[in-house]
Structure formats: structure tokens, C-alpha cells
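Undergrad: Dumping what Swiss-Prot says about this protein:
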TOPO_DOM  79-103  topological domain 'Mitochondrial matrix'
TRANSMEM  104-140  transmembrane segment
TOPO_DOM  141-274  topological domain 'Mitochondrial intermembrane'
BINDING   Cys217, His219, Cys236, His239, Ser241  [2Fe-2S] cluster binding site
Amino acid sequence: MLSVAARSGPFAPVLSATSRGVAGALRPLVQATVPATPEXPVLDLKRPXLSRESLSGQAVRRPLVASVGLNVPASVCYSHTDVKVPDFYDYRRLEVLDSTKSSRESSEARKGFSYLVTAVTTVGVAYAAKNVVTQFISSMSASADVLAMAKIEINLSDIPEGKNMAFKWRGKPLFVRHRTQKEIEEEAAVELSQLRDPQHDLDRVKKPEWVILIGVCTHLGCVPIANAGDFGGYYCPCHGSHYDASGRIRLGPAPLNLEVPPYEFTGDDVVVVG
């Protein structure tokens, strides 16, 4: 009987072992006991009593939202009222703060401002990139002492008669002019008394048909225009200096003739300047 009461599970608290006297030759193994009178339970006032009223206050009064998916356990989401939703008021423009007003009217203005900011930023970045690239390339260029000793070789067969061709030499424009016979005779016939900077034509050339000059005006350093001016030679558009076909100043504010660089002919059609 005791073993049955022990294995009764949840019914064990309400079961008890008793014995009764049965007439027989054997003496009872267990003395009969009188069940004790149960004491009245004492309630703990600090613990909440589980009643219908207390449980009804904890019950969910709103509809539940259940989510079920494949390979995931089912879950129930209760409604939360303590979540603060950001409104991004500080990041929005004044034209679109009013949710009841259409933002299409201010769309063009807002797009124009965005395009303007993008264009200005692009120009600034391009200018900064240009400076960086320029400095990087300049660092790989030849030094000043190397440029000072630089020479340039010119093929004279590429310059037709009566034409002037410009080159770059030591950072300056270099004019090479193939003169006609008429120009040679006219420049040789000029009297030195008519010149501001007297110099004979034959003193400025090694071959009469070739004139080699540095294309920098002796007034303020502008670059003259070839085959222009009152004397058919060179004309400075900055302040109106006129040079003849030999590079001598004839009219205007320039004080000196165009400079003749050092050069030598290494062949009939090849000249080396420098």
C-alpha cells in the first residue's frame, strides 16, 4: 500500500496509508493510526494571490499578431507603445516638412540646388586634382640646369619659302623664317640710320635665307605675330611694336631688336639651336 501511494504521482498528497484490524491468528504489522486534524493554512500577504481578478488584469486585451514561417518557430508579437519613431526633422528641408502639402512644386528648386552643389564640388575636386597631377609631372621634368644646356635640332626642309615656323626652346618660343629673295634684298638695303637699334641684316643671319629669332617682344615680353605689321615681319599685338623680316624694331615702344639665339648649321637642311 505504501509503494502504491509513493508511485501515485500527483495524487500522492491526497492519499495516506491506513490499516484496519482484521480478525485472524496473526498480529497486525502496523498499528492503526488516527489521521491528524489538518491545520488551517496561513496566507502570505506579500505574495499576490492568484485569483480571477488578478489574472484578468494580466491578460492580453488586444488582438495578437502571430508570424509563422518555414524552418522557423512560430512567434507572437505584442504591440509595443514605448518605441520612439524618429521623424528626421533636423535633416529634412523646410519645403517638405508639411506632410499635407505636395512637394512637387518645390521639386525643381531643390533639384537645382543639389545640381549646383554637385557642380561646384566637381569643379573644386577637378582643380585640386589638376594641381596635384601638374606638380607630380613637374617633379619628373628636367631640372633648370639641364634645360639651360638643352639643344633643339630643326629640319629646315619642312619650312616652305616665305613661311615662319614656331618651336619651343628653353621654355621660349623660337621663330625660324625661310625668307624669299625679295625679303633678303629689302632687308639688306635698309640704312642703319633708320633703325632704333642699328644692326645690319648680314650681322643677324648666317645664311641669308634663314632667320632664327627668339619670339619674345623686347618691350614687355609678349609673343609677336609672324608675317604681320607694317614691315611684313613681326607684329606685337600687346602694344603695337613692328619688326621687319630680320627681327629689327622699326616702329612701336620696343627698344631693342628681337634676340638671335646661338645656333649652327650641321647640314644643308639641319640647324641646331643652343
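Backbone N, Cα and C define each Cβ position, glycine as well.
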Undergrad: Within 8 Å of the Cβ centroid of the [2Fe-2S] cluster site residues Cys217, His219, Cys236, His239, Ser241, which other residues of the same chain have their Cβ?
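TA: Here the nearby residues are Thr218, Leu220, Cys222, Pro224, Cys238, Gly240, Gly252, Pro253, Ala254.
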Undergrad: Tell me the residue counts in helix, strand and coil for the topological domain 'Mitochondrial matrix' (79-103), as DSSP assigns them.
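TA: The breakdown for the topological domain 'Mitochondrial matrix' (79-103) reads 6 helix, 0 strand, 19 coil.
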Undergrad: Counting every protein chain present, what is the number of Cβ atoms, excluding its own, within 10 Å of the Cβ of Ser241 ([2Fe-2S] cluster binding site)?
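TA: If we count other Cβ atoms within 10 Å of Ser241 ([2Fe-2S] cluster binding site), we arrive at 24.
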Undergrad: Under the DSSP assignment, what numbers of helix, strand and coil residues are found in the topological domain 'Mitochondrial intermembrane' (141-274)?
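TA: Its residues fall into 22 helix, 41 strand, 71 coil.
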Undergrad: Let me make sure I understand the structure: which of the binding-site residues listed (His219, His239) has the fewest other Cβ atoms within 10 A of its Cβ?
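TA: Output over binding-site residues His219, His239: least Cβ neighbours within 10 Å is His239.
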Undergrad: By the count of other Cβ atoms within 10 Å, pick out the sparsest of the binding-site residues Cys217, Cys236.
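TA: Relative to the other binding-site residues in Cys217, Cys236, Cys217 has the fewest Cβ atoms within 10 Å.
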